[in-house]
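*Asks:* Grabbed the feature section from Swiss-Prot, which reads as follows:
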SIGNAL    1-19  signal peptide
DISULFID  Cys82-Cys101  disulfide bond
DISULFID  Cys91-Cys225  disulfide bond
ACT_SITE  Arg255  active site
DISULFID  Cys321-Cys329  disulfide bond
Amino acid sequence: MKFPAFITAIISIASLSSAISVSGAAEGFAKGVTGGGSATPVYPSTISELVSYLKDSQPRVVVLTKTFDFRGSEGTTTGTGCAPWGTASNCQLAINKDNWCTNYQPNAPSASVSYDNAGVLGITITSDKTLIGQGSSGVIKGKGIRIVSGAKNVIIQNIAITDINPKYVWGGDAITLNNCDMVWIDHVTTARIGRQHLVLGTSASNRVTVSNSYFNGVSDYSATCNGYHYWGIYFAGSNDMVTLKGNYIYHMSGRSPKVQSNTLLHAVNNYWYDISGHAFEIGAGGYVLAEGNVFQNVPTILEEDDGQLFTSPNSNTNQVCSTYLGHVCQVNGFGSSGTFSSADTGFLVNFQGKNVASASAYTVAQSSVPSNAGQGKL
């Protein structure tokens, strides 16, 4: 039986609407986030529609069904930057953003740079938004996303953000949070990024959960000139509580994560694999509890610790967690990796009364995270 075209279209739209919804719910500090809630899903077809939906003042569920390629949409800039990390073909170059080369790398060789303007600043996402991909189809290429300027109640799920000026430091970040609250990033893949895969800026990002995501550091260019991306994850907020759970952090050479300023980080059941430099870098004001994680082929798990760190070192010491987190902390697992042992407990009281993610044994993360993290793995 053949249906009239308009009936077929109605059925197709209804099927899409019913099929697209947020999977699961945020654990940890962003528990209770609803994003666009029950708003009727919208399906942008152009980059301008996508930008418009994400920045308007209405609650929205924005569904990506294809690749939105921003490269070339805002022109290119050619100028003089610098080569602080070397002049080999696989070394990243730096854009002279805000005279960074001039002021901070005066002895670095000058270098010609030509970068895509769209990548430098991400798409602004305002309050009460859900950005979700359909299947493995939702990709934003050449531009990141920004949840800033007081935005609250945002969900990002099941998308990929890729190819943001990967040759150039200051070429753009994949995900930026700054001055926001109640943000859940889930099943997101990032790859081939110029600067940070994920950055929480110096203003408070408050309550954030990052879960089941895949931070892929494989790149033709890197600051360490070896194909391992250095600028991974940077938490620098003035009043941040971050749950980092079930993520796959792969092929990085540093800052994975860097934690400082006034950030309380619960790193639980993540999998770090093939990190050529260091994973954690903890500056002053960084408070990190790490439990149930896997470190495989990570020679230097901790480069610097000027904050406070509890690594859940053994079953006896881990009993203290039950008072503050409501469960006994899980030991971490290690394979061909360096040491990671610290038992600062003074900051654990900061977890008391908060929404704290559950923790499984590291063997659960070992078997499940690589195959379940990232876009298309809901």
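In case you wondered, yes, glycine gets a Cβ from its N, Cα and C as well.
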*Asks:* So, in DSSP terms, is Cys225 (disulfide bond) helix, strand, or coil?
*Replies:* coil
*Asks:* Quick check: of the recorded positions listed here (Cys82, Cys91, Cys101, Cys225, Arg255), which one has the Cα closest to that of Cys321 (disulfide bond)?
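*Replies:* Spatially nearest to Cys321 (disulfide bond) by Cα position is Arg255.
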*Asks:* Looking only at C-alpha atoms, tell me how far Arg255 (active site) is from Cys91 (disulfide bond), rounded to the nearest Å.
*Replies:* 17
*Asks:* What's the CA to CA span in angstrom from Cys329 (disulfide bond) over to Cys225 (disulfide bond)?
*Replies:* 37
*Asks:* From the Cα of Cys82 (disulfide bond) across to the Cα of Cys91 (disulfide bond), what is the distance in angstrom?
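*Replies:* Roughly 11 Å, rounded to the nearest whole number.
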*Asks:* Rounded to a whole number, how many Å is the Cα of Cys101 (disulfide bond) away from the Cα of Cys225 (disulfide bond)?
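*Replies:* A Cα-Cα distance of 18 Å.
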*Asks:* Where does the residue listed as 'active site' sit in the DSSP three-state scheme?
*Replies:* coil
